[in-house]
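Here's the structure, in structure tokens; my notes come after.
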């Protein structure tokens, strides 16, 4: 019995995907925060010759204006990380409320809400974010607001399905029959049981936000100069790729690392909660898992044993 309990506890541990993603995000957050508080150089000031290679003064070289690439890259990573987290959080807040209302109330309210959600999901996310950004302006704040609105319908759809399943459960019906207000039922009994898919969706959306933010900044509709951004750095330094390829490679690596880290985080949580299935077949000893047969023995072995006995 103790071994079974210990085995179940071992299976419930978070896997390497989760810890790899969390480690990458934590390392980027700590390094970028450190560089924003105590930078090696002024991110807006010139520290040496333009387009110079790595040196003791500038570990990753300088850009076309002589600014330190390492300092600006750390600040760009921090900007992308904060925008992705904040936009996903805003989308989760809006979409969760909409999904809870649609799933719990049901009926014509659910039908109207989900038709609107389906219509918004049919539009390309980057196109909607681009239009909203043009209307309300550029910069981190408007970008977070635009991307939060873009991804809110996805959160609403993800939340609706488990809410519909939970509202018919016995503990929810008992709370409703005892006279508990609907809002309290949703907050105390339903919401705690849908936090796991909410977190998986949050990490997945944050990964997409990293890519969309980089694309919008590359197009000039995201983070504006002089604030560093990985997408804007790629846009500005494309013409210098042959002279200083690190100016393109390093921001691209930051985008890939951040997006992959958020995806690893989502995959880790999903794997942690996925039901464990027994293998359909074994590549080990034949007959070990078949009922009514001794492990390690096959019909051929049984016939040989009978001949020897006779």
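Each residue, glycine too, has its Cβ placed from N, Cα and C.
If you look up TrEMBL, you'll see 18-37 (among others) marked as transmembrane segment.
Look at TrEMBL and you will find 77-266 tagged as domain 'ABC transmembrane type-1'.
If you look up TrEMBL, you'll see 81-104 (among others) marked as transmembrane segment.
Look at TrEMBL and you will find 116-136 (among others) tagged as transmembrane segment.
Residues or ranges marked as transmembrane segment by TrEMBL: 142-159 (among others).
If you look up TrEMBL, you'll see 246-265 (among others) marked as transmembrane segment. Residues 17-18, 20-22, 24-25, 28, 54, 60-61, 63-64, 69, 73, 76-77, 80-81, 84, 203-204, 206-208, 210-211, 214, 230-231, 233-234, 237-238, 240 of the same chain lie 6 or more positions beyond the ends of the transmembrane segment (246-265) yet place their CB under 8 Å from a CB of it.
The region 'Disordered' annotation in TrEMBL covers 282-310.
Per TrEMBL, the feature compositional bias 'Basic and acidic residues' maps to 300-310.
Beyond the transmembrane segment (18-37), the same-chain residues lying 6 or more positions past its ends with a Cβ under 8 Å from any Cβ of the stretch are 70-71, 74-75, 77-78, 81, 203, 254, 257-258, 260-269, 271-272.
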